[in-house]
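Annotation source TrEMBL lists domain 'Peptidoglycan recognition protein family' at 1-137. Taken from TrEMBL, the feature domain 'N-acetylmuramoyl-L-alanine amidase' covers 12-145.
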Amino acid sequence: MEIISRAAWGARYPDGFRAAPLPAQEVWLHHSVTSGSGAAAVRTLEDIGQSRFGGGISYTFAIDSTGAIYQGHSVDRQGAHTGGRNDISRAICLIGNYETQQMTDQQIRAVAWLLRHGAAHGWWRANQLNGGHRDAPGASTACPGRHAQARIGEINRLAASDDLEDDMTPDERTALFEIRNSLRQGLSNSHPPGDIWLALTELRNRMTRLYQDLTPGQSGQKYPGDTYLQLVALRKQVDVLTAMVAELGAANGNIDVDDLVARIRTALAEDSTIAAADVSANESAQAS
């Protein structure tokens, strides 16, 4: 997994209020009670934080329903999320209302990964949530919602276990981020937001061109640095997107974007495993 930077999602306001010491003593889980996903949803959180407190986005990290992780204020800066504890704690915010909606599996894994990643980098003392916002001393709130609150034990167990591997490569995460932006923002002024057919077609064409540029016509050869593995994975991603374009060609944009993004994410992750198997088979054939 990777963390989408403030620059990548388009931060416009101050980066927190002041310097805050590391490692943080506590990590609390929050929810935004806003809708949407992607960079636009994070900018909405930033707008809210700026209007309420004047320090830009209130949370240290935000995670949407696809499991994408966004940097909020920098980890060594103080936000405005957990009253009376902002100087000693950091906040992970789930985008959505988890009093009424369930966490996705992608979100659960993303929070657990972030807890481990942050502890390993000295951002906080332990790879565990101290609890939901409602558990913080002096708090009087339902945050992070009953459904998210119910998953905290599971998240902490996963963060502490050895059964937590990244299921997306950086290239796949970049592709997913581009898909999401294309679907939500449109491809150009002539291609309005939500035009699924055009967005997927354009992305498929870009990936096809990249594959063609990287392939020197020596099919089956393994190149230095495992480039062959990357090419096979990319080719299969193109195949996945081609099938989705065909399936959704008549949808005219009438489809749930978050559902589509989740489906693409799952397909890309599965195809990485298939690609690795293809490379292994290819090497065995060359050795015989």
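The backbone N, Cα and C atoms fix where each Cβ goes, and this holds for glycine too.
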*Under DSSP, the domain 'N-acetylmuramoyl-L-alanine amidase' (12-145) has how many residues in helix, strand and coil?*
35 helix, 24 strand, 75 coil
_Suppose you look only at the domain 'Peptidoglycan recognition protein family' (1-137); what would the mean pLDDT be?_
93
